[in-house]
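Feature list (source: Swiss-Prot):
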BINDING   Asp95, Gly206, Thr214, Glu216  Ca(2+) 1 binding site
BINDING   Gln177, Asp228, Val229, Asp231, Asp301  Ca(2+) 2 binding site
DISULFID  Cys82-Cys135  disulfide bond
DISULFID  Cys165-Cys249  disulfide bond
DISULFID  Cys191-Cys244  disulfide bond
DISULFID  Cys196-Cys207  disulfide bond
CARBOHYD  Asn69  N-linked glycosylation site
CARBOHYD  Asn238  N-linked glycosylation site
SIGNAL    1-50  signal peptide
Amino acid sequence: MYGIEYTTVLFYLISFVLVSYILKTIIKIMDYIIYRITFVIVVLSVLSNAQNYGINLPITGSMDTAYANSTQDNNFLFSTLCLYYPSEAPTQISDTEWKDTLSQLFLTKGWPTGSVYFNEYSNVLEFSIDPKLYCDYNVVLIRFVSGEELDISELADLILNEWLCNPMDITLYYYQQTGEANKWISMGSSCTVKVCPLNTQTLGIGCQTTNTATFETVADSEKLAIIDVVDSVNHKLNITSTTCTIRNCNKLGPRENVAIIQVGGSNILDITADPTTSPQTERMMRVNWKKWWQVFYTVVDYINQIVQVMSKRSRSLDSSSFYYRV
């Protein structure tokens with residue numbers, strides 16, 4: 001009997017020693033693996049210099065939020081300026097190095113060489129369709145031409161504000177404007193827009209829906225027209241479809257990185273009286289028309305005062321911002 005008890009005690013002692021040895025071996029192996037992995041991670045981190053990304057956080061706010069004026073002294077060292085001008089300007093200047101000359105003059109005002117971009121456009125229509133407002137600050141020179149006051153005024157309303165637009169199919173649907181910020185924008189080489197307001201029975205009010213000659217004309221042979229009709233009333237529309245397009249748009253707010261300089265004209269065109277234009281700092285100004293060199297010299301001289309009433313934006317804006325923006 002004593003032999004059996006000694007054997008049992010000896011078995012448990014051997015088992016305990018064996019288990020202890022196995023556990024110590026496992027711990028040593030785990031320590032070795034952990035130390036190795038830690039060492040590899042540290043070495044790779046030093047060598048890779050990678051960005052550390054955290055968890056995915058929800059994005060709040062809108063890119064179209066109207067930012068406070070961010071222009072500060074010496075801010076131009078890391079800002080870009082786009083200057084837009086009609087094609088008649090370089091034709092009159094007739095100097096192949098005129099842009100280099102202006103770049104050197106802008107340098108004296110704190111704008112480094114390479115930060116100012118010169119962009120030419122042929123006419124109001126071309127610019128309104130595809131403005132390419134890509135810079136931190138965008139200054140547009142518009143030559144005042146008698147007879148085109150309305151096109152210029154509406155171009156100013158278009159590019160000084162953000163618009164959200166959708167195409168309109170006027171052959172299939174009636175349309176109504178839902179508020180003061182809701183407008184119809186037509187563009188083309190010659191836009192004539194006619195409307196017929198409808199009652200609740202879809203019968204014309206003062207017009208016949210089957211006879212476009214009875215429709216009211218709201219735009220006649222214009223390149224750019226921003227149409228405003230009575231809100232909450234359906235309208236049947238008719239346009240010169242071969243030379244014109246029309247879109248249903250909502251004005252979202254001011255596009256604060258754009259300023260317009262009217263060149264010539266007895267009075268400056270004013271769009272701030274529009275009830276859809278929120279109170280804002282005037283970003284449309286006028287300079288006297290003499291010669292294009294004189295105009296550009298004036299712009300260079302006052303460029304820093306001009307951008308002080310603007311706000312730098314962090315993204316590019318082009319025609320998509322008021323056509324199919326989402």
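The backbone N, Cα and C atoms fix where each Cβ goes, glycine too.
When each of the disulfide-bonded residues Cys165, Cys191 is scored by how many other Cβ atoms sit within 10 Å of its Cβ, Cys165 comes out lowest. Between the candidate recorded positions, Thr214, Asn238, the densest Cβ environment within 10 Å is the one around Asn238. With Asn238 (N-linked glycosylation site) as the anchor, the candidate binding-site residues are Gln177, Gly206, Thr214, Val229, and the one with the nearest CA is Thr214. Taking only the Cα positions, the spacing between Asp231 (Ca(2+) 2 binding site) and Glu216 (Ca(2+) 1 binding site) is 16 angstrom.
Among the recorded positions listed here, namely Cys196, Thr214, Glu216, Asp228, Asp228 has its C-alpha nearest to that of Cys249 (disulfide bond).
Across the fold, the C-alpha of Gln177 (Ca(2+) 2 binding site) and the C-alpha of Thr214 (Ca(2+) 1 binding site) stand 21 Å from each other.
In the three-state DSSP classification, Glu216 (Ca(2+) 1 binding site) falls within a strand.
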